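J.: Quick one: structure below, then a few questions.
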Amino acid sequence: MRLKHIKLAGFKSFVDATKVPFPHQMTCVVGPNGCGKSNVIDAVRWVLGESSAKNLRGDAMTDVIFNGSGARKPVSQASVELVFDNTDGRIQGEYANYAEISVKRLVTRDGRSDYFLNNSKCRRRDITDLFLGTGLGPRSYAIIEQGMISRLIESKPQELRVFIEEAAGISKYKERRRETENRMQHTRDNLDRLNDVRDELGSQLDKLQRQAAAARRYKDLKQQERKYKAELQALRWLNHEQQAERLRQTIREHEAELERWLAEQRGSERGTLELREQASETKAQLDDIQQRFYQLGNEVTRNEHQLQSLRTQAQQREQRQQQLHAELEQLDLTYQRDIEQDVEIKLQLEQLQPELETAAAAAEQAHAAFQEHEEAWLQLQHDYQDFLQSQQQQRQREQQLQMQYERAADQRQRNEQQQRELQQLEQQLQAELAQLAQSEARQQVEFASAELQQTQQQLEQQQQHLQGIREQREILATQLTQLQQGEQRLLGRQSSLQTLLKAAKADWPAALAQWLAAQSITPLGQVRDLLQVAPEWQLAAEQAVHHWLDAYVVTEAPAHWPEQLGSRLVVLNEQSAPPDSLASKLQGHLQQWPWAQQLKLAVAEDMPGKTATGQADVAMLSSQGQLWSAAGYQAAQIAEQESQLLQQSELEQLEAELEVLQQELQQCEAQQQGLAREREELEQVVNQTRDNYSQQQAALATWREKQRWQAEQEQQLGNKLAANRERQRELAEQGEQLQLQQEELALQQEQLTQQQPDADDAVWQARREQLQAERQQLRDTAQRLQQQYQDKKLQTEQYKSQQQHMQTLLQRVEQQQQQAREQLQSLAEPEAHQEELEVLALQLEELLAQREQVDEERREWANKLAEVEQQLHDVSSGAKGVEGQIEKARQRLQSSQMELAAVQERSRNVLAVLEEMQQPLKPVLEQLSDSADEKQWQQEVERLQNAIGRLGAINLAAIEEAETLAERKEYLDQQHEDLTASLETLETAIRKIDRETRQRFKTTYDAVNSGLQELFPKVFGGGSAYLELTEDDLLETGVAIMARPPGKKNSTIHLLSGGEKALTALSLVFAIFRLNPAPFCLLDEVDAPLDDANVGRFCRLVEEMSQSVQFIYISHNKVAMEMASHLAGVTMQEPGVSRLVAVDVDEAVALTEAS
C-alpha cells in the first residue's frame, strides 16, 4: 500500500486545485521558507482525522480554508483527498478488494465538516477504523514534523508507549477495549438503574397483587350480588304481577257490587230533594247568625286582652316606682360621700396656696435680676455684633450688590430666552389644537353607537329564537318521557305475558320431538302454534283443548304408540270438518283433528235443558267453555285472564303497539336531536353575536374615551395657551423691573465705597467676659427657684384637677337624682289608666249582652234546622243502609284500586331497578331457578353485601395495573438476565483483549528494542541505546528510552544535543518502521539540526528503508535532495498562493545522460 497522490483545493495557501503526485518511494518536497511546504504535511494529517486546530497551526478549524490574499478573495470551502494504491491488499475489511482507495475531507466556513471514502460520505470514525493497526493516523509515528523529534525523545513514558502500541497494531484493540469498557460501564449503569426499578416494581407489584386479589374477590362478589339482586327483583316482579292479577279480579267484583247499590240509591234520592232544599235555606240563615255570633265573640276576646294588658302595665309601673326609690337612696349616699371628699381637697388647696405664692415671689425676683443682667448682656452683645458686623457689612454689601447686579443681568437674559421659548410653544399649541379639531373621534362614536344598537337588536332576535327552541325541546322532552313511560309499561306487560306463556309450557315436548325424529316422523308443529280460531270461540276452544296445547301434530300415527304419549300426540285424518263442530271454527290443519270434529257446538242457553249427565255418543261445547259429554258436565276451568290464546293475542297486539310506539319514540328522539343541534348552532351564533356585541361595546367605549381625552386635551391646550400668554406678559414686566434694578444697584455700589467703619476689639472682648461670668451665676439661681415654683404649682394643679373631677361627679349624681324623681313623678299619675280600664269594662259588658242576644237567636234557628234535618232523617232513614253499603263498597273498591296501584308501582320500581342494573327482565326470568325463594335470595344478597363490606376499600384498577406491572416486571427480569449475560460476555472480551494486548505489546516492545539497539550504532557510528519499561504491568507500563552516543556516559537523554536527540529519535522511528512499516512516512525537515556527516548517515538509512517504506520528506539540505527520486517544488510567485513544480530526478538524469 502506498500513497499515489494528494489533491488539494482551497486548503491553506493551495487555493487552486493542486495535485501532488508521489510516483516513487522517495519524494522530496523543496522550496523556500514560507512557500507552503509544511501545508502538504498538514493536509495529510487533516484528512486522517486531526480535530485539533492547534496541531494544524491554527486557532479554529476554518483557518485551514484559504482566507484570501492581496489579489484574491477568500474561498468558502477547503478539501483534501488522499488516493492510495491498495493492490497489495494492506487495507482489510470491506475495502480489501479495492485496488485504489480514496479518502477525502471537506470543510465549509459555516462549520460543516464531511468525510468521504471512495466518494461515499462517511463518518470520521470510519476513517479512523480503516487505518487502525496500519501505523497511519493524525498523530502516529508515520508523520514526523518540525519539533516532533525532540518531543518524541523527551516525551513521557506513557506518551512514548503510544508509538509502541501503534507499531504493535494494538491501537484497534485499545479502541475496542475502550468501547467495551464504555459498554460495560453503560451496562452496569443500566443494570443499577434496572435493579432500582425492579426493586421498586417488586414492592409495587406485591402491593398491587394483594389489591388485585381483593379486587377479583370484590368483582366475583359483586357479580354474584348483581345476579342475586336481579333475580330477587324478578321474584318480586312475579309476586307483584300475581298479586296484581288477583287484585284486578277483586276490583271487577267490587265495581259490579257498587253499581248495584248505586242503582238502588238513585231510586230513593228523589223523595228527599225538597227536604234538602228546606234544610239548605235554614242552614244558610243559621250560618249568617252564627257569623254574627263569632264576630261578637272576637270583639269580646279583643276587649278582654286590652283589659289584661292595662292591668299588666299597672303592675309594671308599680315595680318601676319601687326600683327608682331604691336608686334615689343609693344616689343620696354617693352624693354625701363625694361632698366630703370635695371639702378635704379644698382644705389641701388652702394650705398649699401660701407656699405657692412665696415660691412664685422668689422665682420672680431671681428672674427679674437675671433679666436685668440679661438685658445688659444682650445690649453688650448687640453692640459687639454691631461692631463686628460694621466691618463685614461693608465687604458683604459690596459683594451682595455685585452679585445682585450679576443675577439681575442673568435673570434678564433668562427672561429673554423664556420669551422666545414661549413664543415657539404658543405656535406648537395652536398647531396641536388645529390637529385635534380634525380628529375623527366624534364620527366614530356615532358610527359605533349605531352599529352597537343594530347588534343588540340582532342579539335579542336570536335569543327569542333560542328561547322558542328551548320551549319546543321542553315539550318534546315531556312527550318523550310519556312515550318512554308507555314503552316501559308495554315492555313490562310484554315481559309478563311472555313469562306466563313460558311458565304454561310443558317441559316434555323436547323429548317427544326426539322420539318422533327417531321414528322418522316429521310433526307439523305443536297445537298451540297451529291453533287458529275465531275470536268469539277462542276461550271455549282453549277450554276444550288446553290439555293438548303442547302436543305435536302429525298426519299419520306411528307404528308403535306407547301408552305414555297420551294427549301428547295429535293424529289428523282426511275428513272434512262438520259444520256444527269445533273443527269448523278452527283454521288450517286442525280442521282435520278427529276429536275437534266430534265436539259439537251449542249456545249456553240451550244447555240446561239437556241431560246433566250427557249422552253417550255426543259431546257439546258452549262458547263460554262449558263442556257436556258422556262423562258428565265440566265447568269452564280457565278464566279469561288465564287464557293462553288470549294472552298470545294480547302479546301480538302489544308487540304491534310497541313497534308503533318505538317508531314514535324514535321520531321524537330524532326531533329532539335536531332541535339540540339547532340549539347548539344557534347558541354558537348567539355567542358569536355576544362576542361581537362585547367587542363593539369595547370599541364604543374606546372611541368615547378617545373623544373625552380629546376634549380634555383641547381644554388643557387652551389652558396652556392662556397660561403661556400670561407668562409672556409677566416676563416682559420682569424685564423692565430688572433693568431699573441694575441701575439702582450701580448707584448703591458707588455710595458704599465712600463708607469706612472704625472699632477697638480688645475693650469689647474684656467687657464681654466679665458680663458672661455674672450672667451664668444669676441664671443658675433663677433656674433653681423656678424649679421649686414649678413643683408647688404642679401639686396645686393636681389638687385643682381632683376638685374639678369631684364637681363633675357631684353634678352627674344630681342629674341622676333629678331623672329618677322625674320618672317617679311620671309614674305617679294612674288616673288616666284607671279611666281607660273603666271604659273598656263597660264596653265588655255591652258586648257580652249583645253576644247573649245573638246566641239566643242562633239557638232558635238551630232548633228549626234540627227539626228539618230530623224530617230529612226520617224520610231518608230507609236509604241509609243503602248509603252505608255504597260507602263500604266504595271503600273496598278504593282499597283494592290503591293496593293495585301500589302493586303496579312496586312492579314498575322493580323494572326500573332492573333497567338501572342493565338487567333485562326476560333473561333474568329465563335463568331463574324453579326453587328460587324471595326470602332466601334476600338473605343471600345481605350475605354478599356483608362480605363486600368486609373487603374494605377496593382498587378496581389494581387487576389491570398488576397485570401491566407483572408484564413489565417480567420484561425487566428478562432485561436483567440479558444485561448480566452481556456483562459477562464483555468481561470475557476484556480479558481476551488484555491477553492479546499484553502478548502483542511484549513482542513489539522486544522487537523495537532490538531494532533500536541495532540501528543506533549505525547512525552514530557506535554507542548504545535501549528501551526499558517503567512498570511490571504490560497494560499500564510506560516506555523510557536511554541513549549513550560514542564516548559519552550521560545519565539521562535530556543531556544530549539537538542533533543527537534527532538521530536517536530517527533510530527509534526507523526501528518501529522495520517492525511494522506504515504505508508511508512523512518527514518535515527532521534533518535540520544535523551536520553534513550525520545527514549522510540519515540519508543512507532512509535509502535503505525506502525499499519497503514510501518516504515523503521536506528538506533544505542538498544531500537529502540528491537522495530523492522525485522532487516536488513548492513556489509562491503570487503572494499568498502556493503552486507545485514537480521534477522526476531519475527521468532528468536519464535525459541528461542521453543528451
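Count begins at 1; order follows the chain as displayed.
Placement of Cβ uses the backbone N, Cα and C atoms for every residue, glycine included.
All annotation found in TrEMBL is predicted automatically rather than curated by experts.
Pulled these from TrEMBL:
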- Pro32, Asn33, Gly34, Cys35, Gly36, Lys37, Ser38, Asn39: ATP binding site (BINDING)
- 170-334: coiled coil (COILED)
- 644-699: coiled coil (COILED)
- 724-906: coiled coil (COILED)
- 407-419: compositional bias 'Basic and acidic residues' (COMPBIAS)
- 3-1138: domain 'RecF/RecN/SMC N-terminal' (DOMAIN)
- 399-420: region 'Disordered' (REGION)
J.: Long-range same-chain neighbours of Lys37 (ATP binding site), Cβ under 8 Å, sequence gap at least 6?
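T.: The answer is Val29, Val30, Gly31, Asp1084, Ile1114, Val1130.
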J.: If you skip the near sequence neighbours and keep only those at least six away, which residues in the chain come within under 8 angstroms of Gly34 (ATP binding site), Cβ to Cβ?
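T.: Same-chain residues close to Gly34 (ATP binding site) (Cβ under 8 Å, separated by 6 or more) are Met1132.
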J.: Rank the binding-site residues Asn33, Asn39 by the number of other Cβ atoms within 10 Å of each Cβ, and give the residue at the low end.
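T.: Selected from the binding-site residues Asn33, Asn39 on minimum Cβ neighbours within 10 Å: Asn33.
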J.: Within the region 'Disordered' (399-420), count helix residues (DSSP H, G, I), strand residues (E, B) and coil residues, in that order.
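T.: Secondary-structure breakdown of the region 'Disordered' (399-420): 22 helix, 0 strand, 0 coil.
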J.: What number of additional C-beta atoms lies within 10 angstroms of the C-beta atom of Pro32 (ATP binding site)?
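T.: Result for Pro32 (ATP binding site): 11 neighbouring Cβ atoms inside 10 Å.
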J.: Looking only at the domain 'RecF/RecN/SMC N-terminal' (3-1138), what is the model's average confidence as pLDDT?
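T.: The predicted confidence over the domain 'RecF/RecN/SMC N-terminal' (3-1138), as a mean pLDDT, is 76.
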J.: So around the ATP site, Pro32, Asn33, Gly34, Cys35, Gly36, Lys37, Ser38, Asn39 aside, which residues have their CB within 8 A of the centroid of those CB atoms?
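T.: Nearby residues not in the site list: Ser13, Gly31, Val1130, Met1132, Ser1138.
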J.: Among all the protein chains here, how many other CB atoms are within 10 A of the CB of Gly36 (ATP binding site)?
T.: 23
J.: If you count Cβ atoms within 10 Å of the Cβ of Cys35 (ATP binding site), leaving out that atom itself, what do you get?
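T.: I get 18 for this one.
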J.: For Ser38 (ATP binding site), list the number of other Cβ atoms lying within 10 Å of its Cβ atom.
T.: 18
J.: Quick check: in three-state DSSP terms, what is Lys37 (ATP binding site)?
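T.: The residue in question, Lys37 (ATP binding site), is coil (DSSP, three-state).
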